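Quick look at what TrEMBL lists:
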REGION    69-100  region 'Disordered'
COMPBIAS  72-86  compositional bias 'Basic and acidic residues'
BINDING   E183, E222, H225, E324  Fe cation 1 binding site
BINDING   E222, E273, E324, H327  Fe cation 2 binding site
Amino acid sequence: MMMSRGGAKAAKSLLAAAGPRFFSTTTTVSSHEALSASRLLKPEVTSAWIWRTRAPTINGGMRFASTITLGEKPKEEEANQKKTENDSTGGAAGGGGNKGEKGIASYWGVEPNKITKEDGSDWKWNCFRPWETYQADLTIDLKKHHVPTTFLDRIAYWTVKSLRWPTDLFFQRRYGCRAMMLETVAAVPGMVGGMLLHCKSLRRFEQSGGWIKALLEEAENERMHLMTFMEVAKPKWYERALVITVQGVFFNAYFLGYLISPKFAHRMVGYLEEEAIHSYTEFLKELDKGNIENVPAPAIAIDYWRLPANATLRDVVMVVRADEAHHRDVNHFASDIHYQGRELKEAPAPIGYH
């Protein structure tokens, strides 16, 4: 009897000491399952696997496997963690970097790439990479216009013209905020069109001729316009609310419009881009008159369009306007393909056209 009581007390003490390690409330794998799995794994990875499946949370963070099993971290693991933290702390706040933030610890083995510029300096943008940058084609014809010839063309044309009136009334000559608002809308059609073509390609088991990528490139390019003008214009709370409202309405309307008639949807975007060219031309006139200060170009714009280091806001508006002219051509071209009774996949997509 004394032996059994003594054994019971010893077992109880052992369980009390080992409980936080092996019976944590965060565990999702039983000790029996962990032990069984550990027999199938190599000895050097057994302790790490047990930690990954049922390591307790300490002070809001995750403990290392070696902390549980051996009491200290291996030097190699500590070096890898420091490397991950150093790699993930670069970049500017405006470019989506993690400057000043602690690195994210993960056992998945995914580490951020170390990217440098041509001069060897660190690349500080996480929202785009050097191979996505380019020099805008400023020689493109800005005055081209598609004259409405069909009933759908006229509907698309006057729909865009009717949307310009409330925009002029609300923003007047505040072209920085106007550009910001314009880009939140202009980035929607490419994403919607690319998404619907993607789903169509999956349903029909067919390629898209590159048009999915071309439309998504357009959407990403328009989004980078927004990231640039966010550095120039500081929107007020009611302007942010307007963006949410307009984007919600426009996304759903364009989604339905593209489902019903892609040729109408692309034609309308073509006219929308023509209006964008007009708006940026007026923006340039105000800059030239001195009514808007020609401030230095944001750093994100200099790297994205490969502008000179001393570039100004006027240079940024010039390259953005050229981008809009290219988008005008792409969408009018896509609409013409549909008007001829063909599908987009039958014509080579203008990938990289911007």
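Glycine is no exception: its Cβ is also placed from the backbone N, Cα and C atoms.
No curator has checked TrEMBL annotations; they are predicted automatically.
Neighbours of E324 (Fe cation 1 binding site), defined as other CB atoms within 10 A of its CB across all chains, total 26.
For the Fe cation 2 site, the Cβ centre of E222, E273, E324, H327 serves as reference, and the other residues of the chain with Cβ at most 8 Å from it are A186, E218, N221, V269, L272, A276, D323, A325, H326, R328. What surrounds the Fe cation 1 site, by Cβ distance within 8 Å of the Cβ centroid and not counting E183, E222, H225, E324, is the set A179, L182, A186, A187, N221, R223, M224, L226, A276, V320, D323, H327 from the same chain.
When Cβ atoms from all protein chains are considered, those within 10 Å of E222 (Fe cation 1 binding site) total 25, not counting its own. When other Cβ atoms within 10 Å of the Cβ of H225 (Fe cation 1 binding site) are tallied across all protein chains shown, the result is 25. The number of other Cβ atoms within 10 Å of the Cβ belonging to H327 (Fe cation 2 binding site), over all protein chains shown, comes to 27.
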